[in-house]
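Asker: Before we start, here is the structure in question, set down as structure tokens.
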Amino acid sequence: MTKTIVVKIGTSSLTQPETGQLALSTIATLAETLSYLRQQGNQVILVSSGAVGVGCARLGLTERPKAIALKQAVAAVGQGRLMRVYDDLFTTLQQPIAQVLLTRSDLVQRSRYLNVYNTFRELLALGVIPVVNENDTVAVDELKFGDNDTLSALVASLVEADWLFLLTDVDRLYSADPRSVPDARPISLVTSIKELADLQVQTGSQGSQWGTGGMMTKISAARIAIAAGVRTVITQGRYPRNIEKIIQGELIGTHFQPQPEPTSARKRWIAYGLVPTGKLYLDSGAIAAIVKAGKSLLPAGVKTVAGEFEPQDAVQLLDPQGNEIARGLVNYSSKDLQQICGRHSKEISTILGYVGAETVIHRDNLVLT
């Protein structure tokens, strides 16, 4: 049966740790593996980091730049080199590829989100392997994915993939960073988000010298992907052939089981495609109504409003301790909501001077996170 497979490979797997130069043998094996999967009738997407790391090596820089303008310039240098290597390797295997550069704003606007989906659909139908990266050269901080783990999970969610492989510099998830804690406990299978939270995994968030994605970003990416029904695996990037073995049933790496009832595409867009512009702190009654009964959010349940937003913007819903429980599209601006929070819906027209929605966020526009 044909599968849709998204593979993300990080800078730490693509480059030599000492020099930042491309690890050509790893990339060649990756190209062979992905081409083989395509020949078996699967649809394959590669999300590749490495543009900044390769650019650093090309320009003789000894560490990843911190200044945004310099980093964007270095990414422009590295992206061309990276794609040339991919194109040369895949061409020898008679496998066409396509470069797809995305920014967060491509997923924020619903129309552009659907356009991206349609582009992927056409490329996959043509038998092409899209090679995806964040468009670091033009991305701004407010609208960045931040790391390609998140980007790969959003792409996997968008195309409703069957598998997401996060290739990294460790062989699986551990209870602590095995590079600094030798007796860290390996974790082979995570069956639910609750189990993931209960593990309280003490992982490093620093990432490698040349990359941006630590283990915490991979856990966050897994959360996004399994909500979309995508089975997610964290495994060693130096051994791309393990992808074939895992698909055939071997339990290599850490597996995250997908949710049995995936969230709808529109709600996934609300939860993960949009960038929240505000926060609503809720009382315990509102939290119970949303989480346990699937109700809409009413103004009476809102205790505090933070941030500035307009109607139909995305906001985070938080408990009194600041833990996120949901996201949604709000029916009122922050200015109006500050006036009606804590009040009954029947008082809205009197307070605001116009007849608005009874709900702050309707349940159709609300998704638990």
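All positions are counted from 1 along the displayed chain.
Cβ atoms here come from the backbone N, Cα and C positions, even for glycine.
Pulled these features from Swiss-Prot for this protein:
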BINDING   K8, T168, D169, T212, G213, G214, M215, M216, T217, K218  ATP binding site
BINDING   S49, D136, N148  substrate binding site
DOMAIN    277-355  domain 'PUA'
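Explain the structural surroundings of these features, please.
Answerer: The Cβ neighbour count for T217 (ATP binding site), using a 10 Å radius over every protein chain in view, is 24.
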Asker: When the number of other CB atoms within 10 A of each residue's CB is tallied over all shown chains, which of the binding-site residues S49, D136, N148, D169, M215 has the maximum?
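Answerer: Per the Cβ count within 10 Å, the most buried is S49.
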Asker: Tally the residues of the domain 'PUA' (277-355) by DSSP class, grouping H, G and I as helix, E and B as strand, and everything else as coil.
Answerer: 26 helix, 23 strand, 30 coil
Asker: Find the longest CA to CA distance in the recorded substrate-binding set S49, D136, N148; express it in Å as a whole number.
Answerer: 11
